[in-house]
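One structure is given below, encoded as structure tokens.
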Amino acid sequence: MGTLVLMALAMAVPAVTGWNVRVNSFPPLHAEWDPRVGWGSLPAVALAVLGLLHAFRLADRLSWRRLLLVVFLGGLAWMLALAFVDGSHGVSQILGDPYEYLRTARRTTDLHATLQEYVSRIRYEAEPRNWPVHVAGHPAGALTFFVVLDRLQLGSGFAAGLVVTVLAATTAVAVLVTARVLGAEQLARRAAPFLVLGPAAVWQSVSADAMFAATGAWGVACLALGATRRSTGWSLLAGLLLGYAVMLSYGLPLLGVLALAVLLTARSWFPLAFAVVAALAVVVVFALAGFSYLEALPAIHSRYYEGVGGRRPWAYWMWGDLAALAFCAGPLAGAGVARLVAGGRGLLHDACTRTVLLLSGAGVAMVLLADLSQMSRAEVERIWLPFVPWLLLSCALLPDRWRRPALAGQVGFALLVQHLLFTGW
């Protein structure tokens, strides 16, 4: 109930008071009111109904490998069905926007030279050569990813959108793998329907942040494998993925909180040194190529607060950003977190529930730290994507009698958001 109140207040306060919070017409979202149906509508409704009828049974009965395959395919179908409410433009339009990465990626003929001048082109004072919003607002790893896609002849908005969507569909798989490796297969199965079907899919098909989320989630999964198997290879791969995640978004060093939770859950510090060295190697490689993360941080801070971000009221966005999280994760995510908090120390006595407590608790901690940092005010529904799956893991703790109504609330809310709002980014 508290989540719904927060969402309602975030919509009502600017509308009733006339408070200009400097975002598109539907705060707390970067969205426009645009009721519509499209040829993706019927498949989306059909998937929602099938999910409500069969998701819990399949999650309980399928073998583990088949469950992971169904989670991937089901998530992919759900994301694409929602996106195709707007036809093929639902996949291509956002990533093809001039503010996004693809236009710059297509114009990049010398990646090394681009990296060398990257920081100098972040601030507004570099105009007319300053970077578009998204390129400036992220470390160089994000642009590098799309440059590689363009070199692979996947640089159209539609092709890149499909790649991002496919990667996004693996995020839930990575979260489930992490939970199982850490001894919580039973609760991972209970959480699976909530990880697949929900409103986060509205943004996963159209936002590069969905790729960031997948990279981080697989880094965490590899870390769990490294810790439980005492494997140098998995530990190094975890470091490489988590290091690259840091080069994708300035908010993703917060994944260190989740990494710590994994090591505490596994009760093993074996991967730490290997993962840290590998992660630092990624940062050093970018630095040697010309992009200094430490020099970029003050530059992006300056640009953000010189622009509209600096004019967005802190008094609204400190809690408005959390309301945007509720739209992205779904209103029932709050119920899962509430169960987490209510269970408290009682959940620590069982190894399975302790795993969920620590992983979802880390998700809550990352969200709170990100919100307090005020690194971004508004337009954060996509930015929350790397943290949302770890929050949704807490839905495994919901009582049996709540599970189906809760999932119905999630899929119904996703359908409403996609059909009533045009959600940019």
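Here the Cβ of each residue, glycine as well, is placed from N, Cα and C on the backbone.
Look at TrEMBL and you will find 37-55, 67-85, 158-182, 194-221, 241-265, 272-294, 314-339, 351-370 tagged as transmembrane segment.
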Need a quick answer: max count of Cβ pairs under 8 Å to the transmembrane segment (241-265), which of 37-55, 194-221, 314-339 is it? 194-221
Would you say the transmembrane segment (67-85) and the transmembrane segment (351-370) are touching, if the rule is that at least three C-beta pairs must lie under 8 angstroms and be 6 or more residues apart? no
Give residue numbers and ranges for long-range contacts of the transmembrane segment (37-55): same chain, 6 or more residues beyond its ends, CB-CB under 8 A. 74, 77-78, 80-87, 90, 192-193, 196-197, 404, 407-408, 411-412, 414-415, 418-419
